[in-house]
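What follows is a set of notes on a single structure, which appears directly below.
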Amino acid sequence: MAKNVVVVGTQWGDEGKGKIVDWLTDHARGVVRFQGGHNAGHTLVIGANEYKLNLVPSGIVREGVACYIGNGVVLDAHHLLSEIRTLEAGGIRVRDRLRISPGCPLILGYHAALDRAREAAKSAGDKIGTTGKGIGPTYEDKVARRALRVYDLFDRERFAAKLRANLDYHNFVLTQHLGAEAVEFGSVFEQAMADAEEIRPMVADVSAELYAVNKSGGSLLFEGAQGTLLDIDHGTYPFVTSSNCVAGQAAAGSGVGPGRLHYVLGITKAYCTRVGGGPFPTELDIETADTPGQQMSSKGREFGTVTGRKRRCGWLDLGALKRSIIINGVTGLCITKLDVLDGLSELKLCTGYMLDGRRIDLLPMGSEEVTRCEPIFETMAGWSGTTFGAQSWEALPQEARAYLHRIEEICEIAIDVISTGPERDETILRRHPFGA
């Protein structure tokens, strides 16, 4: 019987979703991206090979698995083709296994120009920390009903007319408001037309194909990008991304009915990280040697896959995690990077906050309120043994098991999967999301 699983990040992204999606793909006929764009960075370690993906779903490294880019994704076609060529150079078949929705809004040259110019114009405290890849401006065009979509690529005259209208508008903003250079029509148009011919064979009715997979008994895996706390509606606004990153978006962003989403796996690091600006209640110093924050940063290799920026690190925030569990309807948790905490003498869990003199247990909405939150910590014993590469619950140090049990108790949810390293087999399974 077909069973569909949604994988979402419960923090500020970078939770290790790519490895888990790859690991789960053994039980899926297809993997689906449903939001975001090439601002996502998923790193997979398969034997001696490391793959860094932005747009192509993580299931692509599994032979025979179909991959889908749903209508909720904003698509930089030129970047996608570059990513495909890199994978093909490594011996991975892509083009006959990848399907792209014709409804994807297109990221074009002026979107990235707007993104960079706006960020440059902001004062230091107001900077979002955008990747500068044009994601936000493209979603703006979609909501304003002026976006060019994949299906527009295949009508040259229509595409040219819409592009001219968009450039008239956006070049005015770039030159008159932001003091940046205008984007030239010819270069954008010719690049888009060249890319169109190359992606045309991969464009398909993704919604209908996903329905057909389920109807024939095949299961699907929906791969979220970024994380719940970066969601445009539910995140620490305005320090968020421009898409919905939550489980509910899997339906809208791919064209499947919500009743066909059967299990939601919430991916959670054993600590917290954040890239870019915005409030972070449990943040630690990552620069001072021999401190917990510095260990998380260095041992966890906490650098952005897309930007290369050093990630901010802090203790696990259960108030934020509980908020994410509620929003996503999480069925079970997957804890990643537990091994990064090996060797710390004590650990802290944020169990709530003091906000304006009163205790609250859930992360509030809006960055202003989150900034005023003072974390309430519970201290637990660390462990001297190693969790790295553990493949069974019994192989974990007693203190590590106690740490995980406490997360389950406070969040009132089961930890179904534990990742203890980057390789596929460095995983502890307690309950399989696909019911296998």
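Using N, Cα and C of the backbone, Cβ positions are placed for all residues, glycine too.
What Swiss-Prot says about this protein:
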BINDING   13-19, 41-43, R311, 337-339, 419-421  GTP binding site
BINDING   D14, G41  Mg(2+) binding site
BINDING   D14, E15, G16, K17, N39, A40, G41, H42, T131, R145, Q226, T241, R309  IMP binding site
ACT_SITE  D14  active site, proton acceptor
ACT_SITE  H42  active site, proton donor
BINDING   T305, V306, T307, G308, R309, K310, R311  substrate binding site
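A map of Swiss-Prot features onto the structure.
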residue : record                 : Cβ within 10 Å
G13     : GTP binding site       : 28
G16     : GTP binding site       : 20
N39     : IMP binding site       : 28
G41     : Mg(2+) binding site    : 20
T43     : GTP binding site       : 17
Q226    : IMP binding site       : 29
R309    : IMP binding site       : 13
K310    : substrate binding site : 14
L338    : GTP binding site       : 22
T420    : GTP binding site       : 24
Candidate with the highest Cβ count within 10 Å, taken from the binding-site residues K19, R311: K19
Euclidean distance between Cα atoms of D14 (Mg(2+) binding site) and L338 (GTP binding site), Å: 14
Among D14, T131, G308, the one of these binding-site residues whose Cβ has the fewest neighbouring Cβ atoms within 10 Å: G308
D14 (Mg(2+) binding site): nearby binding-site residues from N39, Q226, R309, K310, R311, T420, Cα cut-off 10 Å: Q226, R311
Candidate binding-site residues G13, G16, G41, G308, pick with smallest Cα gap to Q226 (IMP binding site): G13
Entries of G41, G308, R309, K310 which, being binding-site residues, have CA atoms within 10 angstroms of G13 (GTP binding site): G41
R311 (substrate binding site) - helix vs strand vs coil (DSSP): coil
Rounded Cα-Cα span from K310 (substrate binding site) to T43 (GTP binding site), Å: 16
